[in-house]
């Protein structure tokens, strides 16, 4: 009986517990009343809330870490990206000398310590890394890289110094600053010397200045003439410019050691002075009787603007006065550069040698013309291009120039042609061609006489100056003719100085025997 009673009580207890559980979890009874009945469920409920808070904390920490990582990446990109971005740009812009020299510098700095410890090792190992690094530069041509590598390997031992072995590679790296156009194989990399071009100079010397190409014949000829000119005394004068009144003040002080022109062994000297190219304004000193060392002490003034002084020349002519005949010229002094001594702001004293001369050398101007000869047609063309700085022949300070060309043979004038007249100018431009028929067999027998004339409506036309060209001419006239014969069918152009007419009979109107040129054979 007792056994059945216990079973009934247990079943009732289980049913009661089941009912209480349903009521507590259904929410119909306050949880505080049920907490004493279900202690384990309370602990599990607290554990579940703890698990939820831990998971939330883990989520927050993960989010903060991710945000910190993003910020770190952003800062790293801002700091390092400009450097990486600039590397390809600078490598493309850098020229060949920079691309070659930048790589070996780092390599040689690391190799210095090795060379101090191991002096017996060849320098080729230190050079090869530099060459390999330079291969990465896109600006270096493959041919230059190959030539540079071969030459550096060949001259590796030469680059060492006995006293300072560590500096040899460093200096050799600087010597590789070569232009792109220069041939590397033609440069000497030896220490202590500058690169010297050898056989490759002819193909790589583009852009180099060769002074011998700029030598002018006129300068050389003037130097030779100055060596042959005889000195006949010295002239002392002073120069100063008056800025307020725009005047060039010239004071002729004295002359020394003049030659004797009279039979008594003395002279009666005086000085005439021009400021070229203007000959209208002329000054003359007093005549000093019977002396070879006259003391003039006279001052003259030329009205001229300061900015025009660079284009002016001061011309002194020393004469011997003769009462009964023509005055004899002793010599002359020409000061080409007025700023030779100073800027003329203060009085400058000048001593010049007097060059002996029998006639006064006058700057008559220059003429430019071209010569062209066609041997097959037997035709010579002289093109008068222009003149410059002609002598003023009219009282107005200008001229009416034209050019007359005469075909001469042994002093006889065969034909003559002339250009049009240009009015009131000292720098006429013509561009007119004059043609003469000259067979090839007669070219060596003829010459051309060119005279610049001043047209005068009332009186006779005056000769300003003349020049000649031909095999029998002198200086530039002969050279111009020979150059024309050497280069057929090609116009040869030169400037020619105009000279004074030595005599009408010898230049234009003299008669002589000369075979007339045969007409060119017609095919």
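Note: Cβ is positioned from N, Cα and C throughout, glycine not excepted.
The stretch that Swiss-Prot tags with transmembrane segment, taken from the ranges 56-76, 77-97, 98-118, is 56-76. Range 13-35 is the one annotated as region 'Cysteine motif', of 13-35, 128-150 (source: Swiss-Prot). In the structure as shown, the Cβ atom of residue 394 (Ca(2+) 4 binding site) sits within 10 Å of 13 other Cβ atoms. Cβ environment of residue 400 (Ca(2+) 4 binding site): 394, 421, 422, 423, 424, 454, 455, 456 lie under 8 Å away, each six or more residues apart in the same chain. Each residue in 393, 399, 401, 455, 461, 462 lies on the same chain as 394, 400, 454, 456 and has a C-beta within 8 Å of the C-beta centroid of that Ca(2+) 4 site, without being one of the site residues. If you draw a 10 Å sphere around the CB of residue 321 (Ca(2+) 1 binding site), it holds 16 other CB atoms from the protein chains shown.
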